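Undergrad: Have a look at the structure that comes next, please.
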């Protein structure tokens, strides 16, 4: 029951994240993923009774500071995402050059991954990041057109809506595929911070190029925004650093492999006798408190 409640809450949270793209810029929503990492660290301390390390406190502080800068200095342009707006951005020369460049990089990395059997974490997470840029573009387009349909005029009759919807589903599926592959080969504590940096950077670049979200922004605003991203990245690294080492299995003594001793047949006590094991010759015997030897 508790698992289902958690799954439902996660689904509701993802729906809220999807709806947020229809109202706020990508360059604001994407970097705020560090809040989920910070929240996970707090929950693990409260409910899972994990140790609160000094690096966790420093990482949370940097994460909150970076979030504050991002919220205050991210572009606050409110633009209505209609089907015609998406079509205009979709055929723009900036996006076409970006897509061609991204396809070339993606095909090159995929060639090394498939043909050369290179499974380095950077290659896998770079593939995830390239797909993530298309995901955030399509998610914002679909969410924005749905929002525009509810508040103003129906936009779901335009073909661009279904094109973006297909791109969103396809990119999400392959993105999860490569990410699962990375988590199987490498520790999650290594994958999470690097994937966060790659995903956020790719999403920010996609938002700047496709939706032109930093158009007309001052240099100081852009600099502080980048500094806020750096603080959030550093906070995520500090929170996840050496996290998996705390869950190493405890040492134990294997009584069946004692150096220089013959391996015994049974280790657990016999419930029908007084013996606590089987002797090497196969006979169970023990001595009573008075010193007499009793055969079992």
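Note that the numbers count up from 1, one per residue, in the order the chain is shown.
Even glycines carry a Cβ here, placed using N, Cα and C.
Grabbed the feature section from TrEMBL, which reads as follows:
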type     : residues : note
TRANSMEM : 20-45    : transmembrane segment
TRANSMEM : 57-75    : transmembrane segment
TRANSMEM : 95-112   : transmembrane segment
TRANSMEM : 124-148  : transmembrane segment
TRANSMEM : 160-179  : transmembrane segment
TRANSMEM : 191-211  : transmembrane segment
TRANSMEM : 217-239  : transmembrane segment
REGION   : 268-296  : region 'Disordered'
Undergrad: Considering only Cβ pairs within less than 8 angstroms, which of the stretches 57-75, 95-112, 124-148 has the most against the transmembrane segment (20-45)?
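TA: Maximum Cβ contact count belongs to 57-75.
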Undergrad: Among 57-75, 95-112, 160-179, which stretch has the highest count of C-beta pairs below 8 Å with the transmembrane segment (217-239)?
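TA: If we count Cβ pairs closer than 8 Å to the transmembrane segment (217-239), 57-75 scores highest.
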